[in-house]
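Taken straight from TrEMBL:
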- Gly48, Glu49, Ser50, Gly51, Gly52, Gly53, Lys54, Ser55: ATP binding site (BINDING)
- 32-212: domain 'FtsK' (DOMAIN)
Amino acid sequence: MITADPLGRDRVPVGPSLSMFDPMFAGIDEFGEPVYLDIVYHNLLAGGESGGGKSGLLNNVACTATLATNTRMALFDGKLVELGAYRDLADAFVGPDIDHGLSVLRRLLTVANNRYTWLLGQRRRKVLPTDDLSVILTIIDELAVYCTLLGTKAQQEEFATLLRGLVFLGRACAMPVVAATQRPSWDIIPASLRDQFGYRAAYRCTSRNSSDIVLGQDWADRGYNAVDIPPTNPGAALLLAEGGLPRLIKTAYLTDEQIYNIVDYAEWIRRPTALTEPIGIRGDWDKAA
Ligand SMILES: Nc1ncnc2c1ncn2[C@@H]1O[C@H](COP(=O)(O)OP(=O)(O)OP(=O)(O)O)[C@@H](O)[C@H]1O
């Protein structure tokens with residue numbers, strides 16, 4: 001018999017949810033084989049012209065994160081509508097406000113530094129799935145908004161510096177960064193930032209230089225040029241994973257309706273239940289911070 005219980009123990013637990021530490025399905029390659037990404041230890045950069053399909057990849061990551069109840073999100077979306085579906089599930093949702101963006105990045109860096117101090121005490125170099133620490137995922141849709149459009153030059157530079165720090169520190173302490181830009185240029189993605197991304201996805205680009213800025217120097221000369229992706233094939237990208245060759249992939253695509261259905265379901269599985277620690281016991285954000 002189900003009885004009412006103030007801690008919600010009368011509720012039937014939902015089946016196991018996803019973990020961000022598990023491989024994430026991102027699409028298929030040109031041979032029809034599934035493509036999986038290990039976001040937590042890699043970071044992900046997506047670049048390419050408008051309409052190329054970058055949002056599809058970001059939505060795959062965000063939807064996986066919402067269903068992974070061990071994951072918290074900090075979302076940056078200058079347009080509001082690209083990642084807006086997830087705003088109620090995110091710890092921070094930054095719109096076109098650079099001051100807010102800077103304060104969230106500073107806070108994330110503090111958490112990252114605290115995690116390294118904790119790792120030092122554990123005599124380890126990276127956070128493991130068994131550590132009972134949540135993954136804190138940062139997604140930035142349109143880097144250019146924060147690095148070149150909003151605020152003063154000094155604020156833009158501070159944003160770029162903090163972001164470089166987070167991308168550098170985040171991968172071993174379960175705080176990955178996923179970022180996209182439709183303007184792959186050196187002022188937005190300097191090589192020092194690009195090289196910290198273990199995964200780079202070049203969607204259709206307007207020049208071989210842009211393609212190289214996303215993938216890395218000289219890939220176009222070696223035959224991997226995102227200019228060659230036809231405009232009639234949105235969602236196609238050259239995906240480079242650390243140490244490998246770029247692979248032509250077709251990103252899995254979720255419609256707006258599917259995204260909102262997933263978000264509704266995620267809100268339901270993330271609702272407070274008996275699995276939540278009672279008030280007064282430290283949550284993992286406190287432990288991490
Ligand atoms: N994997 C895909 N399969 C089929 N169609 C896709 C795919 N990805 C994108 N599209 C189509 O291309 C359109 C544009 O895609 P999307 O908004 O993801 O591009 P984008 O690169 O993010 O553009 P922007 O930089 O302007 O936001 C989508 O509305 C959809 O119709």
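Any Cβ shown, glycine's included, is placed from N, Cα and C.
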Those binding-site residues among Glu49, Ser50, Lys54 lining ligand 1, judged by a Cβ under 6 Å from any of its atoms, are Ser50, Lys54
Can you check how the pLDDT averages out over the domain 'FtsK' (32-212)?
94
Taking only same-chain residues 6+ apart in sequence, whose CB is under 8 Å from that of Gly51 (ATP binding site), what do you get?
Pro231, Pro234
By the 10 Å Cβ-neighbour count, the most surrounded of the binding-site residues Ser50, Ser55 is Ser55
Where among the binding-site residues Gly52, Gly53 do you find the Cβ with the fewest other Cβ atoms within 10 Å?
Gly53
Have a look at the binding-site residues (Gly48, Glu49, Lys54) and report the one with the fewest Cβ neighbours inside 10 Å.
Glu49
